[in-house]
Amino acid sequence: MAKIVKVIGREIIDSRGNPTVEAEVHLEGGFVGLAAAPSGASTGSREALELRDGDKARFLGKGVLKAVAAVNNEIAQALVGKDATNQAEIDQIMIDLDGTENKSKFGANAILAVSLANAKAAAAAKGMPLFAWIAELNGTPGQYSMPLPMMNIINGGEHADNNVDIQEFMIQPVGAKTLKEALRIGAEVFHNLAKVLKGKGLSTAVGDEGGFAPNLESNAAALACIKEAVEKAGYVLGKDVTLAMDCASSEFYNKENGMYEMKGEGKSFTSQEFTHYLEELCKEYPIVSIEDGQDESDWEGFAYQTKVLGDKVQLVGDDLFVTNTKILKEGIEKGIANSILIKFNQIGSLTETLAAIKMAKDAGYTAVISHRSGETEDATIADLAVGTAAGQIKTGSMSRSDRIAKYNQLIRIEEALGDKAPFLGLKAVKGQA
């Protein structure tokens, strides 16, 4: 038994200068797990609650001392003496103790930090890497793959202070044979994109996720800049590198009139028109994945989009599904989208995250492991992607060490596993196998 002897919570700072919760779980034998909760900017309305203090005199109201107090008091008291290797029990104790539907008593940020720290401590006690322990918890011991990176190299929407409506324009280095080679291709395209933007007199300042955030006349202009950068780097768009977008449509959906209002372009679309707008972009560019291509509440729009694009494009639900098995189950039954974005803190525990990944895979949906726009140096999502053989990861661009920490962890894991963790490339993307 790997008995928990101490649980510690503290307030640390994330990549946006906001506080977040870090937790330590100490076991008998001196084993320790350390983990921090990330934080989102464009959030789904049905996400588990991130508890903030609301005290405007501290961190503009964004302090997390209440969540930290929950870790150091109620959660610590409930977990001391328990077996850290029983992850499902540890998570359930915290969920039951919180007692709310959306973890609003303690905060998903408190519960998640402890959940992940516990998994790390248990892995240490077992003498195995975190990815291997996650595979055991997932019921798939020894089954690994290296994920295809979806690298957000132009940021818009809530992730940047510019006029671009679509939140993320991503590249996928599908021509690579290994994860390490994929990162090299991504870095080369990223540096060439800087040259392209500078050549047009555009800003090369970066957004929250490390991508460039220039003012552009249209979303198509962002794709055109990326195409030029790919070619300048010596690669073929559609063969070596494919494209993906996160529309984050809820951010520009007008609930009052049911229109998608893209202020940056001065365009307004009905739900079906917006699907056809995206369809035209897919015809012009090799876009193989679109995330949140409709508002999270527009299930009728999603059903239509899935009918029109679902057989050739991966349609990822983020705000749509919020890593929640109840919502995902309904989506699967109604044929909504064909992929889910996986964010730990949308649901608030490792056990529930693994359940969402399993449900998606069992239904033939893909699962894309994702960071949040507010991150720390915690690289747990790298181990999650490998340990669940998810096949795809979104963890930002080729700048900002809060993003690079995850890529560097993937490099280490690939080196350790060798051919036991194949890099699937484009085969990992729904509709592209």
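Cβ from N, Cα, C; glycine included.
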Given that Swiss-Prot lists Glu291, Asp318 as binding Mg(2+), which residue among Asp240, Asp246, Asp362 does it place in the same site?
Asp246
Where Swiss-Prot shows Gln167, Arg372, Ser373, Lys394 binding (2R)-2-phosphoglycerate, which of Lys195, Lys343, Lys420 is named for the same site?
Lys343
Starting from the Mg(2+) site formed by Asp246, Glu291, Asp318, give every other residue of that chain whose CB sits within 8 Å of the mean position of their CB atoms, in sequence order.
Gln167, Glu168, Met245, Cys247, Ala248, Ile290, Asp292, Val316, Gly317, Asp319, Leu341
10 Å Cα neighbourhood of Ser373 ((2R)-2-phosphoglycerate binding site): matching recorded positions from Asp246, Glu291, Asp318, Lys343:
none
Residues Gln167, Lys343, Arg372, Ser373, Lys394 binding (2R)-2-phosphoglycerate per the record - widest CA separation, whole Å:
17
From recorded positions Gln167, Lys343, Arg372, Lys394, the one whose Cα lies nearest Asp246 (Mg(2+) binding site):
Gln167
